[in-house]
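Annotated features, as they stand in Swiss-Prot:
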- Leu73, Gly104, Ile123, Ser124, Ser125, Met126, Thr127, Leu128: S-adenosyl-L-methionine binding site (BINDING)
Amino acid sequence: MKLFILAVGHKMPGWIASGFDEYTKRMPPELRIELREIKPELRSGGRSAESVMAAERQKIEAALPKGARLVALDERGRDWTTMQLAQALPGWQQDGRDVAFVIGGADGLDPELKARADTLLRISSMTLPHGMVRVLLAEQLYRAWSITQNHPYHRA
């Protein structure tokens, strides 16, 4: 199984990339994390947020791995603890499908994409920069894996 992070946004600053890379390189080969950056749509010329999100949805759908479980990150999603993520991970591995976590653009994710998602997940109740979400998600995936392996990284 492979974990994909599809993120609408521009190239991130070096410190974000460095933090993200730190956690992705710690993951075992059977749970590699792959980042797919999706170029955001411009919101210019009176273009509505709805049309921007719809255009970004098309780009996201084109980048989604075929048959992948879709986990959409959204401020109105379910609030999972790290332990809940760790409990979900083995089940996802057993069903054999890749998992794609989607981080929307500045206006969020298109409602059609959210309705199609297998899971709507909230990373935080706080508003976070999208680059920071990449790092936090990668860290939480590593932490969840470490819990399933009784690795000393996670100390509860």
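Cβ coordinates come from backbone N, Cα and C, glycine included.
Here the features listed in Swiss-Prot are painted onto the structure.
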residue : record                               : DSSP (3 states)
Leu73   : S-adenosyl-L-methionine binding site : strand
Gly104  : S-adenosyl-L-methionine binding site : coil
Ile123  : S-adenosyl-L-methionine binding site : coil
Leu128  : S-adenosyl-L-methionine binding site : coil
Same chain only, sequence gap of 6 or more: which residues have a CB within under 8 Å of the CB of Leu73 (S-adenosyl-L-methionine binding site)? Phe101, Val102, Ile103, Gly104, Leu109, Leu121, Arg122, Ile123, Val133, Leu137
Around Gly104 (S-adenosyl-L-methionine binding site), how many other C-beta atoms are within 10 angstroms of its C-beta? 26
Sequence-ordered list of residues in the chain of Ser124 (S-adenosyl-L-methionine binding site) that lie 6 or more positions away and have a Cβ within less than 8 Å of its Cβ, or none, is Leu136
Other C-beta atoms within 10 angstroms of the C-beta of Thr127 (S-adenosyl-L-methionine binding site) total 6
Counting all other Cβ atoms within 10 Å across every protein chain shown, which of the binding-site residues Ile123, Met126, Leu128 scores highest? Ile123
Far apart in sequence but close in space: which same-chain residues, 6 or more away, have a Cβ under 8 Å from Ser125 (S-adenosyl-L-methionine binding site)? Glu75, Asp79
